[in-house]
Amino acid sequence: MEQFRNIGIIGRLGSSQVLDTIRRLKKFLLERHLHVILEDTIAEVLPGHGLQTSTRKLLGEVCDLVIVVGGDGSLLGAARALARHNIPVLGINRGNLGFLTDIRPDELEEKVAAVLDGHYLVENRFLLQAEVRRHHEAIGQGDALNDVVLHPGKSTRMIEFEIYIDGQFVCSQKADGLIVATPTGSTAYALSAGGPIMHPKLDAIVIVPMYPHTLSGRPIVVDGNSELKIVVSKDLQIYPQVSCDGQNHFTCAPGDTITVSKKPQKLRLIHPLGHNYYEVCRTKLGWGSRLGGRDD
């Protein structure tokens, strides 16, 4: 296992709990004589930190490990920035759900120490890359660890579009939108829209229509190496949006084409030993426990 010496810290802004956890984490790492680097935006609200600072982009070039303190949204943003650097990312949960940031604050020292001692698991999570083209010219590009979503924006009108997979026509639809999700994102927005839960190790993409105006519109799971093309109807009277992880947004025009495919670089997500995906699903999604209350 890799030995981590240069540790970057990214935190969610606007939370006193996040700042308290970062102070604890900083103290713990320095006591282990490690080189700690703070993301510059969080350093600005942490006076007297006395640490080297760096932009998020450069953290991937100078660190062996980046620790994200926040919720899943914080880790999604970090993943898009750091995947290209092939750097491991570890999450400490200071958000609501915590599907990706799976270390609780009360176990910070114990779990982080185990990771630093080489006791951890690595999951390679793939991302999607999306491009919006107008008259054969790219007008917007973005990456997503969870999902790429076509939606009507501020309008309440439905969107008409066609779907192609690897150049083959699949169907035309009239719906509130379309979700294209990774296995990581299958437990996010796609789940709310009726999509299946996919294990993170699957090399697959799920396409989930949002409230389609038909009884036959159903999610479809395709090979992870597929290239998807979504063509917005030229007769559409609204300007829908494309969102990547709900954080990056692009406005489409009638006739635009959205292509979605797997990004070559993957996120290296670190988990402490003993991480169990099904236990996470039980805890976060409220799945039933064993009959009779057994928890062995």
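Note: Cβ is positioned from N, Cα and C throughout, glycine not excepted.
These come from Swiss-Prot:
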| type | residues | note |
| --- | --- | --- |
| ACT_SITE | Asp72 | active site, proton acceptor |
| BINDING | Asp72, Gly73, Asn146, Asp147, Arg157, Lys174, Asp176, Thr187, Ala188, Tyr189, Ala190, Leu191, Ser192, Gln247 | NAD(+) binding site |
Euclidean distance between Cα atoms of Asp72 (active site, proton acceptor) and Arg157 (NAD(+) binding site), Å: 30
Maximum Cα-Cα separation in Å among residues Asp72, Gly73, Asn146, Asp147, Arg157, Lys174, Asp176, Thr187, Ala188, Tyr189, Ala190, Leu191, Ser192, Gln247, which the record lists as binding NAD(+): 31
Spatial separation of Ala188 (NAD(+) binding site) from the residue listed as 'active site, proton acceptor' - C-alpha basis, Å: 10
Other CB atoms, at most 10 A from the CB of Arg157 (NAD(+) binding site): 12
Spatial neighbours of Asp176 (NAD(+) binding site) that are distant in sequence (at least 6 apart) but have CB under 8 A: His151, Pro152, Met158, Ile159, Met210, Tyr211
Most Cβ neighbours inside 10 Å, all chains, among the binding-site residues Ala188, Ala190: Ala190
